[in-house]
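Here is the structure we will look at.
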Amino acid sequence: MYSYRSGDICEYSYRYSMYKVGPVLSISHGMGIPSVGILLHEVIKLMYHAKVQDPIFFRIGTSGGVGLEGGTVVISEEAVDGLLRPVLELPVLGKIVSRPALLDKKLQRELKLLSEPDELFQTLIGKTMCTTDFYEGQSRMDGAFCDFTETEKMDHLQTLKDNGVVNIEMESLAFAALTHHAGVKAAVVCVTLLDRLKSDQIHYPKEVLEEWQQRPQALVCRYIKKYLLKKGKILNNVDTSCCGAVCLKSPRRFKLVQQESESYD
């Protein structure tokens, strides 16, 4: 029987919310690469000191579709930046360090196979563009500044579609790059809230949006249940309808912790 801690483990922190049930750790982070980047560094260190092994990381969230209707579930094939490059560029000690933003192909296929044929929405694998800005970086015209025309905007969005981009969000590049650098198996699963080729604004009722946001969670939960059943970690009749996921490889094996805190052995 796994222990269960009720409530938010990080309730006294303003940065994250964290919940744990058995081997499943679910964390809610802020928006953008800096937020998820800080979180990944801290969680990888946490897993190392907890001696957790054999990881699987999932990022679940929302996105804007490119040629996809709202409510579509996208399993990211790879993450690219605003120039369509599958790399995260990070200034380190005054020099640019480039890290490939790669995701586990086998995990993508396994997730896709868990989509149910009678679902009233599409689940697909495609390329995700990750931006560092919500407005201009995503070709929106309703921010404080806009130095391009509607025609230029639509031409750019069409170029993204022609290059295989199916959705846009703000975290996948760092998530893919850091997990790949760590040797951690990872996947990004997002639901689209609108088709950016048709609109910049979301016009769906709150109830619809809330149901859509459950879709990627449900898919990942199916994977977690299947994985834990296979490992003999849970009984077949255990209700796993509300779970997130974790399993982690020792960072030392991937040279993640090159200099340890003096307070640890």
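Glycine is treated like the rest: Cβ placed from N, Cα and C.
What you are looking at is a predicted structure, and each value in this text was computed from that prediction instead of being measured.
Per TrEMBL, these features apply:
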{"type": "BINDING", "residues": "ARG15, ARG59, ILE60, GLY61, THR62", "note": "phosphate binding site"}
{"type": "BINDING", "residues": "GLN138, ARG140", "note": "substrate binding site"}
{"type": "DOMAIN", "residues": "12-225", "note": "domain 'Nucleoside phosphorylase'"}
Query raised in the report: For ILE60 (phosphate binding site), which DSSP three-state class applies?
Result: strand
Query raised in the report: Can you tell which of ARG15, ARG59, ARG140 has the most other C-beta atoms within 10 Å, given these are the binding-site residues?
Result: ARG59
Report summary line: If we take the residues ARG15, ARG59, ILE60, GLY61, THR62 that the record assigns to phosphate, their largest CA-CA distance in Å comes out at 19
Report summary line: Quick tally, other C-beta within 10 angstroms, THR62, GLN138; top of the binding-site residues is GLN138
Requested in this report: Name, in the order they occur in the sequence, the residues of the same chain whose CB lies under 8 A from the CB of GLY61 (phosphate binding site) and which sit 6 or more residues away.
Outcome: GLU169, GLU171, VAL188, CYS190, VAL191, PRO216
Query raised in the report: Roughly how many angstrom lie between the C-alpha atoms of ARG59 (phosphate binding site) and GLN138 (substrate binding site)?
Result: 20
Requested in this report: Going by DSSP, give the three-state secondary structure for ARG140 (substrate binding site).
Outcome: coil
Query raised in the report: Other than its own, how many Cβ atoms are within 10 Å of the Cβ belonging to ILE60 (phosphate binding site)?
Result: 21
Report task. Summarise the model's confidence over the domain 'Nucleoside phosphorylase' (12-225) as a mean pLDDT value. Result -> 95
